[in-house]
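What TrEMBL records for Cys37, Cys45 is [4Fe-4S] cluster 1 binding site. For Cys46, Cys49, Cys54, Cys68, the entry in TrEMBL reads [4Fe-4S] cluster 2 binding site. Taken from TrEMBL, the feature [Ni-4Fe-4S] cluster binding site applies to His261, Cys296, Cys334, Cys447, Cys477, Cys527.
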Amino acid sequence: MTQNFSIDKSMDILVPLAKKECIETPWDRYEKMQPQCGFGELGVCCRICWKGPCRIDPFGKGADRGICGATAEVIVARNLIRMQAAGAASHSEHGRHIALAMEHLSKHGLEAYSIKDETKLMAVASTLGVETEGRSTQEIAHDVAQTSLNDYMNQDNSKGCSWFTKTLPAKRVQKLKELGVMPHNIDATISNIMARSHVGCDSDHVNLLLGGIRGALADYTGMVLATELSDIMFGTPQPVITKANLGVLKENAVNIALHGHNPLLSEVVCDMAIKLNEEAIAAGATEGINVVGVCCTGNEVMLRRGIPLATNYLSQDIAIMTGAIDSMVVDVQCIMPSIASVGACFHTEIITTMPDNKITGTRHIEFSEEEALEKATEIVRLSIEAYKRRDPERVNIPQVKETAIVGFSKEAIVSALAAVNPEEPLKPLIDAIVSGDIKGVALFAGCNNVRVKQDNAYMTVVKELLAQNVLVLATGCGAGAFAKNGMMTQEASKEFCGESLLKILTLVGEAAGLEGPLPPVLHMGSCVDNSRAALVASALAEALDVDLSDLPIVASAPELMSEKAVAIGSWAVALGFPTHVGVMPQITGAPGVVKVLTEDAKELFGGYFIPEEAPVEAANKLYQAILEKRQRLGI
Ligand code: CUV
């Protein structure tokens, strides 16, 4: 029955169970939502003032303007750029949180945290131009945090954000500056979008969309600093072998599911779970504490600690139906409020931790960096208490799990390549791209969406591209989909890669000490870790002395849904990458907006959106985009 909704095999077991127990799934709620509002789908509904709501008649028979006179183009553009602003705000709040913690750590110390990766600190300091000679780790970390925070404070708009200008190739920065879309201050850029889209302000759709692109580039800025500072504090991911899907839950363990995004919380809970393992055993859990991940927190702890991934976005509440999750601990973003009601049907403790992300009907334990150890201890002990209340009769763990080799940060990729060519690590990759052994690179990012069969679009598009010898990187719930569905194993490389891609993956894999190829999909991390892919691309562009838009690199978000994903897709376009979206964006009521994003953007940025709901067709279009880039490069 679930085969219409999801290809995740554990859903075949849990969704019927939910039906039997009358527990609603996202797919039930989706069904109740039908028919969805056609005006909303086209993006032509305007609710930004109280003269409205206004809506434009797409058939040209009724209203062709809002009460204020705004056209469909203006309404759609305003709605879209507000989504980009919300996405940028989310990633950038995450980044700010980490930068503030690092500043605090460097000034006064924080019991639960340290600088785990000094090499990375030095590398970041040199990128940002922070003096390191004769200075202590603390002093350097302090200035790195300050420079990052300054990206939220600078008022001189001729000066771009440091993390923006110093991590992207000079050619691209110059181009984006000339187009007037270089962010000078993350907060100001987001605020500018809200202001210019207020009623009676910017009423030119092209100008609005450029403002949105600047917001998306602010999103990149907040994201890259979040990722790089996290690596400094928690370690830079290196390849690690783990498992994915709900079969990672253990019947005889206290299962703690970490869900959300920010490693500041999850890292400390992981530390405390190790410390308190004996208490769990004493409570009768013979296998101790089993920490598992959900969504992007899942990706964060998976890459840094090898903690198994339980599931991705769309099945987060259904995971509770296993009856084996003793606590679900959440912080920010992509947390379905429905986990509260499903949790209430079981013994599961749903624990919110952030002052501005609470869910009615759940327990709130307010987390702070200063009290991180105490709070994490409280969370772990509550999970052990919950375990004691678990009803063994209701435990239903699908025996579905796949091996996943994950942890491909930029540093990990470069060091694997360095095993082939220590002098010029990027050369083997560049040579393979030039020779056509690797046709191009595709970055898969984004969420799950009920409008698409769960994980299916990811799997279909990726198989097509792998067969065409395209190197694949993945982040977010897309990476979760690949991990759950067996695309991060060495066997999968042999099964799905074209011959020349397999040859390169094997060359690098064996040089790096694996017996056999790297997995076909390289897991780079969570959504904020999309910046890792941008850094790899920037390094390639600089090595070749070309602009980012010249490279045969594409991006794909086959199952996206969040505003964050809209922001990520938009900066991918601005950096020059043809970017596929597998869900029809809510912009089609404005042909002018569609034209700017799918056609004119190509002239301006080199990147453009490719909306395509059919996965095989999408893969064809992405492959054609790669071939076109190759042709222009003359390779
Ligand atoms: Ni941040 S944004 S559903 S958890 S990838 Fe997953 Fe990733 Fe989309 Fe959210």
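The backbone N, Cα and C atoms fix where each Cβ goes, and this holds for glycine too.
Caution: TrEMBL annotation is automatic and unverified by curators.
Taking each of the binding-site residues Cys54, Cys68, Cys334 in turn and counting other Cβ atoms within 10 Å of its Cβ gives the largest count for Cys334. When the Cα atoms are compared, Cys37 ([4Fe-4S] cluster 1 binding site) and Cys54 ([4Fe-4S] cluster 2 binding site) turn out to be 13 Å apart. Taken in sequence order, the binding-site residues Cys37, Cys296, Cys447 that lie near ligand 1, meaning a CB under 6 Å from one of its atoms, are Cys296, Cys447.
Cys296 ([Ni-4Fe-4S] cluster binding site) sits 32 Å from Cys46 ([4Fe-4S] cluster 2 binding site), taking the CA atoms of both as reference points. Within the set of binding-site residues Cys45, Cys49, Cys54, Cys68, the entry lying nearest in space to Cys447 ([Ni-4Fe-4S] cluster binding site) is Cys45 (CA atoms). Each of Arg47, Ile48, Lys51, Gly52, Pro53, Gly66, Ile67, Ala70, Ile75, Val199 belongs to the same chain as Cys46, Cys49, Cys54, Cys68, is absent from that list, and has a C-beta within 8 angstroms of the C-beta centroid marking the [4Fe-4S] cluster 2 site. Minimal Cβ crowding within 10 Å, among the binding-site residues Cys447, Cys477, is found at Cys447. The Cβ centroid of His261, Cys296, Cys334, Cys447, Cys477, Cys527 marks the [Ni-4Fe-4S] cluster site; residues of that chain outside this set whose Cβ lies within 8 Å of it are Cys295, Asn299, Tyr313, Gln333, Gly476, Ser526, Ser562, Lys564, given in sequence order.
Of all the binding-site residues listed here (Cys37, Cys46, Cys49, Cys296, Cys527), it is Cys37 whose C-beta has the fewest other C-beta atoms within 10 angstroms.
Taken residue by residue with DSSP, Cys477 ([Ni-4Fe-4S] cluster binding site) is part of a helix.
Using Cα positions, the member of the binding-site residues His261, Cys334, Cys477, Cys527 nearest to Cys46 ([4Fe-4S] cluster 2 binding site) is identified as Cys334. All protein chains shown were included, and the count of other CB atoms within 10 Å of the CB of Cys45 ([4Fe-4S] cluster 1 binding site) stands at 21.
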